[in-house]
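These features come from Swiss-Prot:
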{"type": "DOMAIN", "residues": "25-61", "note": "domain 'EF-hand 1'"}
{"type": "BINDING", "residues": "Asp39, Asn41, Ser43, Gln45, Asp50", "note": "Ca(2+) 1 binding site"}
{"type": "DOMAIN", "residues": "75-110", "note": "domain 'EF-hand 2'"}
{"type": "BINDING", "residues": "Asp88, Asp90, Asp92, Glu99", "note": "Ca(2+) 2 binding site"}
{"type": "DOMAIN", "residues": "115-150", "note": "domain 'EF-hand 3'"}
{"type": "BINDING", "residues": "Asp128, Ser130, Asp132, Glu139", "note": "Ca(2+) 3 binding site"}
Amino acid sequence: MVVAKPTAAVSIEDLIKKHSDVDPFLVKKWERIFSLFFDRNASHQVDWGDFYLVVKKVRDIYGAESVQTGFAKKSLAALWEGLCSIADADKDQLISIDEWIGLLKKTDAKTEPKWFKDYQNFMFKLFDVSCDGVMDLAEYTDGMSTYGFDQSECDAAFHKFSVDKKGQYVPQMKPETWNTYFHQLFYSTNKSDVGNHLFGIIDF
């Protein structure tokens, strides 16, 4: 296993300049996703160790023998292999922030790739502890705690995005709605789309 070595932090301003062909709002969102959900050891590169830290946290929260832990082990291993096969340009078993942005900007948002759909489905199933096909605030909060979010942050975010077309709060979210918001989070340049706040309220 290759272990990521700490590298100099890349500022968001530098990333925006380097990837000037991408909307700055998307670059900011992509960097946030990379830092919060993939680069768990803050090395500015993603390796299998980052994914293992997520599995370990899932185990701590849900239990070693839980459905969530077994699902996380299986799904994250497959996701890592999939990401490496298409994003790891220099084949060093490390995915840098530039490789991550490069992967996303060459992805056709209209035809989501397998790794994207796998990640989208993994996150919903991880959160849906009761396996009833819908997600509520308590499940969302437990899932987000895997990534270090506290209850107040989760409550604010869930009430922000779990709404109907009239803006009224909806206490449970279906997979179809989750998928729409997940797509908005990754690819929408419209700052008013509620999917931008799917993994915590953003203020940029």
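Heads up, the Cβ atoms here are built off N, Cα and C, so glycines get one too.
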Output, ordered by sequence, the same-chain residues six or more apart from Ser130 (Ca(2+) 3 binding site) with a CB under 8 Å from its CB, or 'none'.
Glu139
Just to be sure I understand, if DSSP states are collapsed into helix, strand and coil, how many residues of the domain 'EF-hand 2' (75-110) fall in each?
22 helix, 2 strand, 12 coil
Cα separation, Asp88 (Ca(2+) 2 binding site) to Asp39 (Ca(2+) 1 binding site) (Å, whole number):
15
Would you mind checking how many other C-beta atoms are within 10 angstroms of the C-beta on Gln45 (Ca(2+) 1 binding site)?
24
For Gln45 (Ca(2+) 1 binding site), which of the three DSSP-derived states applies: helix, strand, or coil?
strand
Along the domain 'EF-hand 2' (75-110), what average pLDDT does this model show?
85
List only the single closest residue to Asp92 (Ca(2+) 2 binding site), chosen from the binding-site residues Gln45, Asp50, Asp132 by CA-CA distance.
Gln45
Fill in the CA-CA distance, Asn41 (Ca(2+) 1 binding site) to Asp128 (Ca(2+) 3 binding site), as an integer in Å.
26
Residue distribution over DSSP helix, strand and coil in the domain 'EF-hand 3' (115-150):
22 helix, 2 strand, 12 coil
Around the recorded Ca(2+) 3 site, report the further residues of that chain (criterion: Cβ within 8 Å of the mean position of the Cβ atoms of Asp128, Ser130, Asp132, Glu139; site residues excluded), sequence-ordered.
Phe127, Val129, Cys131, Gly133, Val134, Met135, Asp136
